[in-house]
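The DNA-binding region annotation in TrEMBL covers 128-227. For 3-116, the entry in TrEMBL reads domain 'Response regulatory'. Annotation source TrEMBL lists domain 'OmpR/PhoB-type' at 128-227. Annotation source TrEMBL lists 4-aspartylphosphate at 52.
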């Protein structure tokens, strides 16, 4: 049975979440502060984590950063704050979704199911071969990226997004298309996720992120990957890889 870890310091909300998750057919585990949440996540290796931002011991942002560095696990952040900067911060740290309190339990369960389905499809997606553009090399089998002789550490979704862009080098891809290909058609988040991850990729790969030579913004469309050693953009239709 799929295990979901709820890290929430409000006992009533935590119990309500666990109760509804178990009724929906999941195994629910609870932790009430950041430190015990980290320990519990390491022990049980949950399939998904529902994580409150405001926690005693270790705040949700710090915990999210630690968890996503240690292993690939989808995280849904819970918060009473509606500030966009908090949503962006959560996405940048590796969370896949962000839910503002109060929320509909039915909607949250639908998001949980959608994310788990998307995660399962991603895990079993067939891998291709090596993609190369100038000094940038991406191995889709080993899931490693090098820039020259330096290996670049990317998150799971950063890697998939870069692979999609490189596979369709020279083709402008819309945010919605990238979101569907990398996050899945049932992903409940917004295409703002793409902008956040593109910025993160540029910071890791571009010599001058403000004036990128590889990952270009196509105004009114989305993004295009351009091989830096090519002077012209090939005109073709892409097949998403």
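Numbers here mean position along the shown chain, with the first residue as 1.
Each residue, glycine too, has its Cβ placed from N, Cα and C.
Bear in mind that TrEMBL entries carry predicted annotations, made automatically and left uncurated.
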Which residues, sitting 6 or more apart from residue 52 (4-aspartylphosphate) on the same chain, put a CB under 8 Å from its CB? 7, 8, 9, 10, 60, 77, 78, 79
Based on DSSP, tally up the residues of the DNA-binding region (128-227) by helix, strand and coil. 35 helix, 25 strand, 40 coil
